[in-house]
Amino acid sequence: MDCSLVRTLVHRYCAGEENWVDSRTIYVGHREPPPGAEAYIPQRYPDNRIVSSKYTFWNFIPKNLFEQFRRVANFYFLIIFLVQLIIDTPTSPVTSGLPLFFVITVTAIKQGYEDWLRHKADNAMNQCPVHFIQHGKLVRKQSRKLRVGDIVMVKEDETFPCDLIFLSSNRGDGTCHVTTASLDGESSHKTHYAVQDTKGFHTEEDIGGLHATIECEQPQPDLYKFVGRINVYSDLNDPVVRPLGSENLLLRGATLKNTEKIFGVAIYTGMETKMALNYQSKSQKRSAVEKSMNAFLIVYLCILISKALINTVLKYMWQSEPFRDEPWYNQKTESERQRNLFLKAFTDFLAFMVLFNYIIPVSMYVTVEMQKFLGSYFITWDEDMFDEETGEGPLVNTSDLNEELGQVEYIFTDKTGTLTENNMEFKECCIEGHVYVPHVICNGQVLPESSGIDMIDSSPSVNGREREELFFRALCLCHTVQVKDDDSVDGPRKSPDGGKSCVYISSSPDEVALVEGVQRLGFTYLRLKDNYMEILNRENHIERFELLEILSFDSVRRRMSVIVKSATGEIYLFCKGADSSIFPRVIEGKVDQIRARVERNAVEGLRTLCVAYKRLIQEEYEGICKLLQAAKVALQDREKKLAEAYEQIEKDLTLLGATAVEDRLQEKAADTIEALQKAGIKVWVLTGDKMETAAATCYACKLFRRNTQLLELTTKRIEEQSLHDVLFELSKTVLRHSGSLTRDNLSGLSADMQDYGLIIDGAALSLIMKPREDGSSGNYRELFLEICRSCSAVLCCRMAPLQKAQIVKLIKFSKEHPITLAIGDGANDVSMILEAHVGIGVIGKEGRQAARNSDYAIPKFKHLKKMLLVHGHFYYIRISELVQYFFYKNVCFIFPQFLYQFFCGFSQQTLYDTAYLTLYNISFTSLPILLYSLMEQHVGIDVLKRDPTLYRDVAKNALLRWRVFIYWTLLGLFDALVFFFGAYFVFENTTVTSNGQIFGNWTFGTLVFTVMVFTVTLKLALDTHYWTWINHFVIWGSLLFYVVFSLLWGGVIWPFLNYQRMYYVFIQMLSSGPAWLAIVLLVTISLLPDVLKKVLCRQLWPTATERVQTKSQCLSVEQSTIFMLSQTSSSLSF
């Protein structure tokens, strides 16, 4: 065996620094490496077919049935249906089988149609033509036939067919522009960079002769992360190793823009592409309503088992006497007498289970799903939540949490881009204590933008002038801003000046503002060409700097750096970042003066950044290059190694100055927060900004008020006192004024709570969350939570993304288990959005990662007010009524059946006809509650927006508490007693018909069923406050349908029925005067307690919502009276 092959296998399967199991090797163009390299081992990867469908023609039926019967309710009814088939039961298998068949069939048709559409889309994608290089020539084939290692050519406006490593383009600088709108919703153009050693290959022959291998990580779904390296082989020399990152990766689904063509090598194909891996849905979130519904279901299941058990025991007690067990007309056979008693009892128990199984509402699950699915469209159709400026409307990524929007107790919000506009404007810069402002009014005149002015000392020293220019050069060079000459380019952009057509583009609005601001002060960034950055200085001379390295920004370091080389050969490292990140790394500069200015600007709500630098000698730079290269080419723990390298490089800096950028508060952000607080919701701001800046924003948006007493839990205070002492001191402060915490205080819904505000920073939070050797961490957390519960607002500053999620999780799993909502607009907010019960993304300027990973997305923060106070309120009211109503009407349905067993010797005789058993939940009572759960508005939309306190009436799952559930259950039992015994007393009078005949068993059951259908439907009509023609049509139409169906079902001889026990029954019942009287009287008696309860509660213990309803009705009557009087006076005047 070849030694190189053995060496490769040993490296691959033995442990070492690089874990080869977690990486793959790809041979570019399927070409074997030159002699001396590692042996060529062909590897098997999936083809490029995308399969987003779940089913095939062969497995649809078994797989779909398996998935549907995994649901507990469907499986339960399947068992009931099988019991009906196996043993002799009182009801036909049709009564359970038909509703189950209907539910399963409707769901299967819906899922099958959706899967058919996915098949069509997959086929269209898999069969689209793709150009690839084979033996130096351009060949065309279908996308599905692409393999890993193929070299592909993509033209402008074409979509990348798989995940590609960018090798070259027609551009001389080896760049290309892409849009990823179909992946993450971002329409801005992103720049990607070709591999340095392949960007000169512009023809098919050149690229076809490339000898290279790529080593990269195994497929993973993160769109913004990629780790790999490329080995480019030459004929004589050792391979050149270059790192590969996300900037070199072109993702499937992205589109090539403003570039004629590119060449790339396929590394991930088919279902291993990042787009395909992102098909997987997020973890399922369950709402409080769903949890309550499952708890109620368990209660009713226990009631069902109890009923069956009681009836089984009573049956055998009743039949203990021989003449009852074997009446003369129903003698048992010998085999029946010899059957095992326990087997007979178990069979009877199952028969009673079948008889009473309708107490579990199978159709409730279908109705709830339809209500959530259809209800989500009301959010997306809401014109009030459409933002004309961005052209965006609300998005619903999941409809399972609509009602959870009405239960929120804590809101965790990001600051930048969520509360603020993320539209940055450069305000000033401070250089060694000298302040420069672009727009200044001097002697009544506005100075030219390019001049600027030193607000403290207009004539700094010669050395100061050098530092000033170095500071401006640092701002011109330390960024990732691009300059485009095409005005049609999308994305955040700024024109350098009004007379030029070029635009600045960056994923960070801060960088655009800084580059634009320094341009007004005399230094203009021109472009990046052939790895040289060009700037125009104050003397209108172009300066060129070679870009050697970029140390990219990340939210943990909170800074970025560049290493550049000037035309004179001097090498500089320029670094900019947060003051907390820069100051500890500074050894020289006027730190105290700049720190004072930074703190002053922060208090005014401005965003601040500090700028520092250091000169590097050639030997230092070469050492940095080796350090960075080793970290960049690592396949395992690359991010960790890069972070360690950055720590070693970004130190011993000289402080140059600081900048101040204004980020204005969003429109109506303050009004929204004020309304949310009135609704009893606690609002926390979680931000990475410094404390002073964030606090100023909190005051501006009315989170903190002038009379709010601020409590600080920051690193600075903890340095002066121990963490234990600080926590106990704050705890005593808040408890001294607020007293013992009540249950409402804990939930954040007390209006009388002392107005405290807490400020905590990331370092202090780390100390609180950090486990201690003595196990005291838990005590610290409890103390911290106790303090937070007593504060009306909390500000968490200097937060890393994972710390935001930690805060949300801490509150989410506290002992009160409040419902949490997280809202943000950037990638650093995704972790807390996924952690919260409800995650909302703001469709902002920092991309769409937050919107993609959220449950809902809105254009602006102000739309959160209507999302919660209106939509959330309505959906909670609607679905709560739906759940309670379903259980109520099924108690009404099945309890008379239970009572009937005491009058038929526990013989399992059914009270209702098979057709009524089957259609009760499917047809007779289903549509009214569905329309109610979609249309009901117990108060007007304007009232809910105007009076946020109404939100408190439905907080903490108020309408699905056990007290309310028991009331609905008892109401159902009372109505069932009225139905049964009212009809029973009517039947005691034998003169119920004109000819003296008495009613039979089926007429008795039909009378009970008729009263029941009318009662439960009219009960819903009484609960309806918002009437439309659709409600009228469905409610009265359902009653009419029942009457017409009963007339046809009993008035026609149906040939497919073996026996027709309902023939002429309904018509005979309607021919009886007492039956008509009984229906009217029993319906009235059944509805009376609920009506009296509502009237008394409204008068004696009205809720805020009921007071508003009463006031609205009075105003409506008053306005109608005034209108009638005005009309009368008008007619009399003539």
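Just so it is clear, glycine is given a Cβ too, placed from its N, Cα and C backbone atoms.
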Checklist entry - Out of Ser182, Ser738, Ser994, which one does Swiss-Prot list as phosphoserine? => result Ser738
Next on the checklist: In terms of membrane topology from Swiss-Prot, Ser722 and Thr1024: same side, yes or no?
Outcome noted: yes
Checklist entry - the transmembrane segment (915-934) and the transmembrane segment (89-110): do they have three or more Cβ pairs under 8 Å, with pairs 6 or more apart in sequence? => result yes
Checklist entry - Using Cα coordinates, what distance in whole Å links Asp414 (ATP binding site) and Asp829 (Mg(2+) binding site)? => result 7
Checklist entry - Out of Thr416, Phe553, Arg607, Gly688, which of these binding-site residues is nearest Asp825 (Mg(2+) binding site) by C-alpha distance? => result Thr416
Item to check | Three-state secondary structure, Thr416 (ATP binding site) (per DSSP) | outcome: coil
Item to check | Count of other CB atoms lying within 10 Å of the CB belonging to Gly688 (ATP binding site) | outcome: 23
Next on the checklist: Using Cβ atoms and a strict cutoff of less than 8 Å, what residues sit near the topological domain 'Extracellular' (903-914) while being 6 or more residues removed from its termini?
Outcome noted: 89-92, 94-95, 311, 314-315, 318-319, 324, 348, 351-352, 355, 896-897, 920, 984, 1001-1002, 1004-1006, 1008-1009, 1061-1062
Checklist entry - Most CB pairs under 8 Å with the transmembrane segment (882-902): which of 62-82, 915-934, 965-986, 1030-1050, 1069-1093? => result 965-986
Checklist outcome for this item: If you count CB pairs under 8 A between the transmembrane segment (915-934) and each of 350-372, 965-986, 1001-1023, 1030-1050, 1069-1093, the winner is 1030-1050
Checklist entry - Rounded to the nearest angstrom, how far is the Cα of Asp829 (Mg(2+) binding site) from the Cα of Thr416 (ATP binding site)? => result 11
Checklist outcome for this item: Excluding its own, the Cβ atoms lying within 10 Å of the Cβ of Asp825 (Mg(2+) binding site) add up to 31
